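Colleague: To start, I am sharing the structure in question, which I have written as structure tokens.
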Amino acid sequence: MESRNFLRFLAISLSVSLVLFFTWVHLPYAPQPNTTTDLLYCSTNSPWCTSKNRFQSISKPSTADNILEKPPNPKHHNHESDTPHHPLDPLTISEINRVRTILKSHALFRSSSPFAFHSVVLEEPDKTLVLQWKKGDSLLPRKAAVVARVAGKSHVLTVDITTGEVAVQETGSRSGYPTMTIEDMTSSTWAPLSNADFNRTIIQRGVDLQDLACLPISLGWFGEKEENRRLIKVQCYSMEGTANFYMRPIEGLTVLLDMDSKEVVEISDKGRDIPIPKAANTDYRYSAQKINPEMMFVNPISIEQPKGPSFTVEDDHLVKWANWEFHLKPDPRAGVIVSRAKVRDPDSGEMRNVMYKGFTSELFVPYMDPTDAWYFKTYMDAGEYGFGLQAMPLDPLNDCPRNAYYMDGVFAAGDGTPYVRSHMVCVFERYAGDIGWRHSESPITGMEIREVRPKVTLVVRMAASVANYDYIVDWEFQTDGLIRIKVGLSGILMVKGTSYVNTNQVPGQQNLYGTLLSENVIGVIHDHYITFYLDMDIDGSDNSFVEVNIKKQKTPPGESPRRSYLKAIRNVAKTEKDAQIQFKLYDPSEFHVVNPMKRTRVGNPVGYKVVPAGTAASLLDHDDPPQKRGAFTNNQIWVTPYNRSEQWAGGLFVYQSQGEDTLAVWSERDRPIENKDIVLWYTLGFHHVPCQEDFPIMPTVSSSFDLKPVNFFESNPILRIPPNVEKDLPVCKPAASA
């Protein structure tokens, strides 16, 4: 019986800690998720896909007329034969296998010492070479950037895939360890079961081993006792009676584990008097809901495209849509990377450079509970867990609408074996009834003018389920040249068990560190910071950062009936410290990236500006250990000179790092940035004080920021787009309604 329970525990732990098969896409007490039977599929070949006027004159067809055409399911791509076409294309299956073969014959890996590959990705060619490359040119030499651990030491290597040459890079004396492998996480969750004290503790807590689910939790860095050893903490939950085990924590039980030896270093159990919350009302799956018959639900909705989508994806990674073109690829750490973004000028017809590279650099999620089982929960999801490694297959019709294009990720496992993360990214067009521009003339002018243009956008989306939390990241491209980067937060709260079932039981002076959400369940206050790397190349690589400060000016006495007005004062940042920006509500500014060497016909420098949102700022002390590691959130905007080694805001090796290799440290060098190849960093911030509506699963909360043209075009770039007309927009109806 005990061995059978162990095997079931192992299977549960593997599936839980992999975090590969949990996608939280259904809201509790919500309408049923979309299915293909709910959403009609319009094709121009169908007589029921027609304009409203023509629909009236069509006789009802027979069932043989195939009036409802099912859309094709997302295609499963066979990646075995993939070949690169662009210098920035990700490594293919054959290339990853080649890297694995090369390294296994290298002296570093030939010994009997254990090793693991923590990252195997494309070593991108020099930026100057990529900018010079044109389609039809010979592909630039293909190399792999590899992070590996051998015999307890971290190594960074460059592998020439063609020649087989291996260069071992100098990593210096930086602290920290590479991103965990999936194997690190899975093995850490079941390792405590080999410890008799742990088993006794679980039994004493009244939990059956077959109902046990455990999670690997990064522990940050809090002093010398955690140095020179790769450690992880493990906390566990009861799955009895619910799929939502996160709501049933075994509170106060924490296992400190050596991640390499799998030795249990310490067991802390300070919650024996805290009951495990009940399973009732915690399941979020649609099949588990009891629907109130009085509730009114919306009918299924789908935006149809009878002529198909307007975008194309060439050679698997080059996206072309309307006036935009960019390279897109999945990445195990960043999630998705958008490169070589260009927009077509409506006057000259030329493709103009906007951004060389953009991606999610780091996520910092500190919880605000200093007690024994919580103080260390200060996650860096990209550098510790791999934001892309936690990306889930997207759910057609619910994550992404019909006519979406799906892109897979090809990654390397810990032993170097390639595997495919299917449907990791989707690309689709969005129309939500928004308006691109409009104007109607007042009757007093005598002119009957009503001009309106619809806004259709292109969205690149991924969703990562980092254990309990789900992050939805959208890169949205607009025809007016704007890029909107949006992050949605959903999934399940990380909660704390408590003996309280009602707030009237809580002593007045006691700090719960959160909100009582349900009986015996506290949602702990926490922050989310998502820092983006944005290598802006506005009409070329050499750009400047300009803070346009909006200042109140007073009018001289007698000059005007007005007593004050606003003036825009432009300040060009000379060095990095000039561009360390903290937002101030009553000292507002605009933030421009301009090309000072290129001007419009009336003399303005062409540029883009950051339009801020999601501006929550970290309130932690700068000398608090988590904030030292997350010092890249000390400012909302940073600007640094381009340096290919400076891409990860928390440093190359984040796990157990001490904060000496972060964006904040690099920026203190105060290097020149005027008329240089510069990188802009922007941090979206959220303060989250949980509320009962977040239980048992959270409705999505989103925020975004924009990269908006500012004097980039000579005039409105969407002036010439046509309005919608009835004949272009078919109306679909099911046969039963005719």
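Placed from the backbone N, Cα and C atoms, the Cβ positions cover glycine too.
So TrEMBL lists the following for this protein:
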TRANSMEM  7-27  transmembrane segment
REGION    61-90  region 'Disordered'
COMPBIAS  79-88  compositional bias 'Basic and acidic residues'
DOMAIN    178-277  domain 'Copper amine oxidase N3-terminal'
DOMAIN    302-718  domain 'Copper amine oxidase catalytic'
ACT_SITE  ASP381  active site, proton acceptor
MOD_RES   TYR469  2',4',5'-topaquinone
ACT_SITE  TYR469  active site, schiff-base intermediate with substrate
Colleague: Please give the sequence-distant neighbours of the compositional bias 'Basic and acidic residues' (79-88): residues at least 6 beyond its ends with Cβ less than 8 Å from one of its Cβ atoms.
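Modeller: For the compositional bias 'Basic and acidic residues' (79-88), the far contacts come to 94-95, 122, 124-125, 129-130, 133, 135, 139-140, 142, 315-318, 327, 329, 339-340, 408, 410, 420.
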Colleague: For the recorded positions ASP381, TYR469, which Cβ has the most other Cβ atoms within 10 Å, all shown protein chains included?
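Modeller: Of ASP381, TYR469, the one with the most crowded Cβ is ASP381.
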Colleague: For the residue listed as 'active site, proton acceptor' and TYR469 (2',4',5'-topaquinone), what Cα-Cα distance in Å is obtained after rounding to a whole number?
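Modeller: That separation, Cα to Cα, works out to 10 Å.
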